Amino acid sequence: MGDGAEIVTRLYGDEKKLAEDGRISELVGSDEVKDNEEEVFEEAIGSQEGLKPESLKTDVLQEDFPLASNDEVCDLEETSRNERGVENLKVNYSEIGESHGEVNEQCITTKEADSDLVTLKMNDYDHGEVADADISYGKMASSLDVVENSEKATSNLATEDVNLENGNTHSSSENGVVSPDENKELVAEVISVSACSVETGSNGIDDEKWEEEIDVSAGMVTEQRNGKTGAEFNSVKIVSGDKSLNDSIEVAAGTLSPLEKSSSEEKGETESQNSNGGHDIQSNKEIVKQQDSSVNIGPEIKESQHMERESEVLSSVSPTESRSDTAALPPARPAGLGRAAPLLEPAPRVTQQPRVNGNVSHNQPQQAEDSTTAETDEHDETREKLQFIRVKFLRLSHRLGQTPHNVVVAQVLYRLGLAEQLRGRNGSRVGAFSFDRASAMAEQLEAAAQDPLDFSCTIMVLGKSGVGKSATINSIFDELKISTDAFQVGTKKVQDIEGFVQGIKVRVIDTPGLLPSWSDQHKNEKILKSVRAFIKKSPPDIVLYLDRLDMQSRDSGDMPLLRTITDVFGPSIWFNAIVGLTHAASAPPDGPNGTASSYDMFVTQRSHVIQQAIRQAAGDMRLMNPVSLVENHSACRTNRAGQRVLPNGQVWKPHLLLLSFASKILAEANALLKLQDNIPGGQFATRSKAPPLPLLLSSLLQSRPQAKLPEQQYDDEDDEDDLDESSDSEEESEYDELPPFKRLTKAEMTKLSKSQKKEYLDEMEYREKLFMKRQMKEERKRRKLLKKFAAEIKDMPNGYSENVEEERSEPASVPVPMPDLSLPASFDSDNPTHRYRYLDTSNQWLVRPVLETHGWDHDIGYEGVNAERLFVVKDKIPVSFSGQVTKDKKDAHVQLELASSVKHGEGRSTSLGFDMQNAGKELAYTIRSETRFNKFRKNKAAAGLSVTLLGDSVSAGLKVEDKLIANKRFRMVMSGGAMTSRGDVAYGGTLEAQFRDKDYPLGRFLSTLGLSVMDWHGDLAIGGNIQSQVPIGRSSNLIARANLNNRGAGQVSIRVNSSEQLQLAVVALVPLFKKLLTYYSPEQMQYGH
């Protein structure tokens, strides 16, 4: 044969069945080894598809052999990394003359009963042992040793000698584990072979250098050949029967997979030799020539250079040799998939690296490989720890007498598997064997009773006084830990109780009872702060909040207590909280109409009330705290084992402990998988509902009158009377020049004709209007004179000024009745306005009832009470107070308003106000301030701001306003502002134009045009409305309203009211007849038939 090296992959059809000499040792692997094989297969099968070298036209097939002494057949597993390591090996060389190389590579397969398995884990890749063969004159001998070491796994480093007789070339290749410091080429290949052929005869080609570096954990073997046809190299011989190799090739135990640390028992060595005279060697004629004599990596290496590779070379008898003449079995399939089942979960393809002249470019930094290696190690370690958590939880449930089919147990195991999938690399699926193996291991450990259970749980008990906290603790430990008394407080200080329940260490923190009343929250804060100081060094794992099942309440009576707990400990206290309902053996109350209610329905309703209250207190409506029932009474029904049983057949103590242990197990899994940031409340715990910024902004943009002194209450706000004083003087003189007028009686009016009656009524209306204008004008003049006189008497003696103030501000000494309230229309025969009459007394407080206009009770329709008063501070600063409280059977609403104004300078005044009102189930507190500038007669400007506290969110707003007064009939108000909260901003503006009657307010004509714009979250809302009131005669009005927005929604309404034209009521018959006609339409008749 000529010089050079050639890799040949033996085809299944060309292999000859050779007689097998030697003996085959049997090794039965442990359960852990089996599981690891399945795991490696699942992770490796994805990369088998589409990764075949271009130069190799055939595939390596694998055979199944019958077991020698065991009927159980283990599925053959072979990873794609092995195939790359065996099939894709190429040696590039410069072909000179007739130089040929022959290397026989074997595809090594295994059977569980026929082989020894040692899987090494180095650089996050599982490299198996490679059996090295010495090929000489067609004979091959392979040997394989099984290494057993609990601390270090040794790598079988074999040397492969290829004797080429015809040429003078001697090449060797060594199998080993490549260290992370090697180049990408060494990592990509399992077996690295490089050869350089030198022809010293006729071709006259210069000598070339050949290097091979293999790092085997402890040392590196370097061989250099400079112009030599033969070389000296280091090789490690594997001695049959040895249990350890040279120290220079030992692999640290830390790189060994945890499942493989259970060493298999060595029973012998496997030797297979070829007895036939030679092997059929088929040379590969598609070898690519490379001038630089470098290693050429196949396309599959190029495509999967960055993929995670886990190769496992399985030791077995050679597929070309057999002790018997039995026919070869077809390729084995994975367990559970069947013969025709396709391979699942292909590995994701990565972007191909750029190539230069057909070779892979190795310019990627080595840090990427190191990071991938670290992630794989961390992933495998995390899976083992998570499996240990599964085993621990199954042991806990087993001790509590719960099967894996229990709802709580199944749910916890499902969450653990789901978390592992989310955390696992590339979203790898968790095999079903994880649960089976964990369950079997848990049962085995519990049956052996030798391995102690490393688990303890700390439970802190909170609850109202008298719900049974101390009694529950005694029931958990089945002994009297704390003395209880039905008439005295059991626990007066925080104390720690420890004990064992079914061999599990349980620590319970007992706390003093809390009080639900709002007035007792200060005392509760002291108790809870002492509890917080007690648990600072050793925080509890679970919080058990106890309440009574038989104390049902649908109101928010416990909300002050729950909010106090949240304020002291923070909202996170409820994330690992369990709700316990004591007195669970109580009979459910009667249902509606005296019928018996279901026990399960009663428990569900009571649980929902407490869970909803906890959600509101924590500020997270996604919380769903588990509920457990508790019964501590000695007369409670028990089962044969002496455990207390509830009316629904549940044994409450194991269920409560299982919930507590499950919560801690899930917390441990969260900490292991680093999912702490994903728990509820970590990001949204303190975030409550966002404030309604558009509503707050619209309230801010509303124009409010400023508080005034008592003598200024009836003054016109804008002093528009000064705008047209000439017209007022003319109307006043006109009234004085009117001739005398005699009023007619009803009898005299009946004698008048229709035209005469109309003229008489018109004259009467004209005279009344002029008289009312004169009265209003005189009242304004009197107010101005009093204001001027008050300014002049400031320098006078105190006694005189006090008399003037009393005359000015003292109310009437005789109470006078206030006008009757206008009650809504009803079908009652009586109009009980007399029930709502009250007197205007000399008291400064004005207290009035609040009438529910839409209520069903017209006799006594009181809904609340309203109180108002005007204070004067230092005779200059008015302070107005108004409050209203309304109460019905379910809710109570409070509305409070406090306002004041101060004048500073000419034409400038500042108002300050405080509002408190209900907003849903919370109270909204608003502080607002506004400054007005009245320097111009027809133009007035204002600027204001407000701050609103709603729940735990604070909103701040700013507005500007401008009022333009053209004359007495036309005015326009423009305002704009913005409201912000939590980084969210809403913008808005309003425009209102008003056109009044010439004789307003005596004239009834009024038209108003409004336009509003609101921008919130990029959503622009534009709305317009118009309202007009037109008088029709003396006693009729026409009111029309219309509104439209930018979304096409609008409304139009027309209303006519009259006190004389009763025939207008006939219009109400139109919709009635229209409805009746629809009942007798042909469509309805046909449908009826």
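Note that Cβ sites are derived from N, Cα and C of the backbone, with glycine treated the same way.
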Swiss-Prot annotation (region 'G3') - matching range among 14-17, 98-101, 510-513: 510-513
Of 498-501, 566-569, 582-585, 786-789, the range Swiss-Prot labels region 'G4': 582-585
Listed range which Swiss-Prot flags as region 'G2', given the options 49-53, 149-153, 489-493: 489-493
Of 463-470, 591-598, 903-910, the range Swiss-Prot labels region 'G1': 463-470
Where Swiss-Prot places region 'Homodimerization' among the ranges 485-488, 973-976, 993-996: 485-488
Best-contacting stretch, by C-beta pairs under 8 Å, relative to the region 'G4' (582-585) and drawn from 463-470, 489-493, 510-513: 463-470
Outside the region 'G2' (489-493), six or more residues from its ends: residues with CB under 8 Å to it: 465, 469-470, 482-483, 510-513, 530
Average pLDDT across the region 'G4' (582-585), rounded to a whole number: 90
